[in-house]
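Reading through the structure tokens given below for one structure.
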Amino acid sequence: MDSCKMIPRVSRRLVAFDFDCTVVDANTDDVVRDLLPADNFPSETIIHKEGWQEYMSEVFRRLHKLSFSPQTIRDKVRCIPEVPGFVRLLKRLHQAQENKYDLVIISDSNTIFINEWLEAHGLVNCFESIFTNPAHFDNDGLLHLQPYHHQTDCKLSAANLCKGKILEHFVAKRNLRDNTHYECIIYVGDGHNDLCPVLKLRQGDIACPRQDFALDKKIISHRNKMDLRADVIRWKSGFELLKQLAGRDPALNDTDAGNISTETTKQ
Ligand SMILES: [Mg+2]
Ligand SMILES: [Zn+2]
């Protein structure tokens, strides 16, 4: 089978992160919507009729109409606090001995919000890829949002974003492109839309639901009815999750503390 092997096969580990309520301790869309006066929120019937993205597009139009600048929106996102310990967790994984972890984000937020927050926290370089809905400010300062993709066959996921498909596609692409084999995939998330990728994990992988949030509750209440092959590590903070992951992989132990910032976020 391996007779025509040209590139040496590399074994690595992949950690995929949700963003809202996993890395940052809030929902980025809610935080930005809350810039509007409460009596000027768009009607929630838009969500039911046209979906969340159309609702957020209406939020962005209203913010624009009220002269909220791109900088005001960016500043609001920058100031969202991390889930305690996540900045340290991300840096530790990125700087792990043997450099064996690849990090990705798979999120239903958007490119503007995620990049803004990661830049503010010096984390952009930690990630191999960021999969989320594309967004951009036009010349007039209005924020435009597009779906990541359009899918209808996964019923666990929204039409604009199936995290399970994205994860599978990334793993297959790494395998084909540079013969990288992920010996272990770790998925960290909190919400309903994180169930699809968690069910794609195999034996030996690790699902890491945020304790007492939707994904965790779903796993607990439906575990014997669902085909969940991965181990489960529940966590309340990044500190706790790091401790548990380091218990399984000594490469994550703090042997090189001088290089690792122990500061938490400034905001
Ligand atoms: Mg989330
Ligand atoms: Zn899906």
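Including glycine, each Cβ sits where the backbone N, Cα and C put it.
Because TrEMBL annotations are produced automatically, they should be read as predictions rather than curated entries.
Here the structure is a predicted model, which means the values were calculated and not measured.
The active site, nucleophile feature in TrEMBL is assigned to D18. Other Cβ atoms within 10 Å of the Cβ of D18 (active site, nucleophile), summed over all protein chains shown, number 25. Under the three-state DSSP scheme, D18 (active site, nucleophile) falls in the coil class.
According to TrEMBL, the active site, proton donor annotation covers D20.
Note on D20 (active site, proton donor): other Cβ atoms within 10 Å of its Cβ, all shown chains, come to 23. TrEMBL lists D18, D20, D190 with the feature Mg(2+) binding site.
According to TrEMBL, the feature substrate binding site maps to D29, D108. When secondary structure is read from DSSP and collapsed to three states, D108 (substrate binding site) falls in the strand class.
Each of the binding-site residues D29, D108, D190 was scored by how many other Cβ atoms lie within 10 Å of its Cβ, and the smallest score goes to D29. Here the CA atom of D190 (Mg(2+) binding site) lies 7 Å from the CA atom of D18 (active site, nucleophile). In the three-state DSSP reading, D29 (substrate binding site) counts as helix. Put simply, D108 (substrate binding site) is 12 Å from D190 (Mg(2+) binding site) when counted between their Cα atoms.
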